[in-house]
Amino acid sequence: MRPPAMLRWAAVALALALAALLVAAPAAAFYLPGVAPNDFQKKDQLLVKVNKLTSTKTQLPYSYYSLPFCKPNTIVDSAENLGEVLRGDRIENSPYVFEMREPKMCQIVCRAQVDDKQAKDLKEKIEDEYRVNMILDNLPLVVPIARQDRDAVVYQGGYHVGVKGQYAGSKDEKVFIHNHLTFLVKYHKDETTELSRIVGFEVKPFSINHQFEGQWNDKNTRLITCDPHASKLVTNSDTPQEVEAGKEIIFTYDVGFEESDVKWASRWDTYLLMTDDQIHWFSIVNSLMIVLFLSGMVAMIMLRTLYRDISRYNQLETEEEAQEETGWKLVHGDVFRPPENSDLLCVCVGTGVQFFGMLLVTMIFAVLGFLSPSNRGGLMTAMLLTWVLMGLFAGYASSRFYKMFKGSEWKSITLRTAFLFPGIAFGIFFILNALIWGEKSSGAVPFTTMFALVLLWFGISVPLVFVGSYLGFKQPAIEAPVKTNKIPRQVPEQAWYMNPAFTVLIGGILPFGAVFIELFFILTSIWLHQFYYIFGFLFLVFIILIITCAEITIVLCYFQLCSEDYNWWWRSYLTSGSSAIYLFLYAGFYFFTKLQITKLVSGILYFGYMLLASFAFFVLTGTIGFCACFWFTRLIYSSVKID
């Protein structure tokens, strides 16, 4: 295929895939987080939306209306972007009616009678500590909890469906549902225009066994247990509502409004406060100082040693001196010999370049504030789209190295680059999604979204990989600074500490040590449903990771070449890539020490996704180490005189 035709085909495929993506996963209107406030006048209607039910014990989200909660006349799904769908968000309207700055007390939502199945579902969800998530003006609902140790208030996302407890004087444990909600909407009012902006959305849940007078009437029933006319409001759960089949549950709510000094631009600050922020700062700074100190020492040693080696090699004048030379110069005729499975190495490097570009661009956008937590699903959507577009660089990198290794079938290497890692990732994701679907969880990705993902892959990523590969293969081959001997040199017997397995495992410790502290907060945000927002620190840790991967790989590669072992290609990739082993082991440690997952399916989901994350981390760090080592070997062998 001629280049113009290929480029036209890629452009058409890109346009079609983007159009199909818009149809399959409609997104909300684009805005910059923090630049699109909503102003409300007094008595304006406020739309309260419900989101998924979540639990840190099962990691399986469910739709709000999967439980026998009160429903509006018509359930309307909100438009969600691709990231929200993949996160399992299911945003729908609710029967709760708020009017701006108009308090309401003891409002009856509905009366529901639960059957055997509904009672069983409620009990299971309460046992698994499921939380109800709601949204008002793009703010998530939180429960304020007073901390005695630091005289402050912390906030937990969503309220528990119910609790387990005992009646006074009884030892039998019962299950109670939170059927009365006391909402508090905080607002910031403009004194000149009298317009208000919502800056907080809180709730205190109660369990109350409501009683009423006379016959039930949906509109005019007066409750005995909650009556604003008699100044009787719900302030505790002394008479809780038990969950039992055949029993009726009356759902009620209060809503109050409180003026706040917090401005709209700062309304997310409360939600993003971390209870261990001091530990976070101290750990990051401590890790940064240690890594920078080690990096400085390594760089100084390498520069001094290399300078001495190059000076000594270049001063060898006689033939006898040249024959007696030892060290890394001795293997100059074999050091650039193509390795075994060079095609696979090219594919891995190309995929690593794709990951590197995705993370770099995504983190830049996140640091600039485009991917703040207020833009739900924005981070995942950005990562997916950036990954797809970086296919251009993946194809270019893999074909450049492939041509350097004297390869000629560029289409073959292109196909493997386009399908190897995405195919493995999609296979694991499909199996895990089938398990979620089997649990009837709302976290299962719908068919339309699956189709959109496949379309992104085949319609955009694959054509871009082909374009990048074609452009890379058209470039002149990368020339080695020294000639390669026709007959490979025999590698002498190595000392035990230069064993490949030993050096590879040792090499992964430092890169993992540079990120494991930040890794704790990332895992906490993912699996304990907390907000992650310190992208500036994350970007700094990413830079530290690049430096440590490069330096530890260069050091061990230098020692390997000094031992006259020229098989550095794959070992340089595996040296820094082995940090993924420690990442997966740490994920197991985190699972058993921080999480309370008991279900088999939930455990499979956790380790399945962490295996996928570790694989991606292996490809990324391995590529960084390989590229650094490739630059290093070309540099040192071009700096000495080879006879």
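Note: Cβ is positioned from N, Cα and C throughout, glycine not excepted.
The feature signal peptide is assigned by TrEMBL to 1-29.
Residues or ranges marked as transmembrane segment by TrEMBL: 281-303 (among others).
Among the features that TrEMBL reports, transmembrane segment is placed at 344-371 (among others). Residues 32-34, 378-379, 382-383, 386-387, 390-391, 393-399, 401-402, 405, 407, 413, 416-417, 420-421, 535-536, 538-539, 542, 569-570, 573, 616, 619-620, 622-624, 626-627 of the same chain lie 6 or more positions beyond the ends of the transmembrane segment (344-371) yet place their CB under 8 Å from a CB of it.
Long-range neighbours of the transmembrane segment (377-397) within the same chain, counting only residues 6 or more positions beyond its ends whose Cβ lies under 8 Å from a Cβ of the stretch, are 27, 33, 80-87, 89, 349-351, 353-355, 357-358, 361-362, 365-366, 370-371, 414, 417-418, 453, 456-457, 460-462, 464-472. Per TrEMBL, the feature transmembrane segment maps to 377-397 (among others).
According to TrEMBL, the transmembrane segment annotation covers 418-438 (among others). Below 8 angstroms of C-beta separation, residues 60, 347, 351, 391, 394-395, 444-445, 450, 453-454, 457, 461-462, 465-466, 601, 604-605, 608-609, 611-612, 615-616, 619 of the same chain, each at least six residues beyond the ends of the transmembrane segment (418-438), sit close to that stretch.
Residues or ranges marked as transmembrane segment by TrEMBL: 450-473 (among others).
Under 8 Å from some Cβ of the transmembrane segment (494-527) lie the Cβ atoms of residues 56, 59, 280, 283-284, 287, 290-291, 294, 534, 537-538, 541, 544-545, 548-549, 552-553, 556, 559-560, 563, 565, 571, 574-583, 586-587, 590, 594-595, 606, 621, 625, all in the same chain and six or more residues away from its ends. Residues or ranges marked as transmembrane segment in TrEMBL: 494-527 (among others).
Long-range neighbours of the transmembrane segment (533-561) within the same chain, counting only residues 6 or more positions beyond its ends whose Cβ lies under 8 Å from a Cβ of the stretch, are 272, 280, 284, 287-288, 291-292, 294-295, 298-299, 302, 305-306, 327-328, 331, 335, 359-360, 363-364, 366-367, 371-373, 498, 503, 506-507, 510-511, 513-515, 518, 521-522, 568, 571-572, 575-576, 579, 621, 624-629, 632-633. Among the features that TrEMBL reports, transmembrane segment is placed at 533-561 (among others).
TrEMBL lists 573-592 (among others) with the feature transmembrane segment.
Taken from TrEMBL, the feature transmembrane segment covers 604-632 (among others).
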(message) Which residues of the chain, 6 or more past the ends of the transmembrane segment (573-592), have a CB below 8 A from one of its CBs?
(response) 345, 348-349, 500, 503-505, 507-509, 511-512, 516, 519-520, 523, 527, 549-550, 552-553, 556-557, 603, 606-607, 610-611, 613-615, 617-619, 621-626
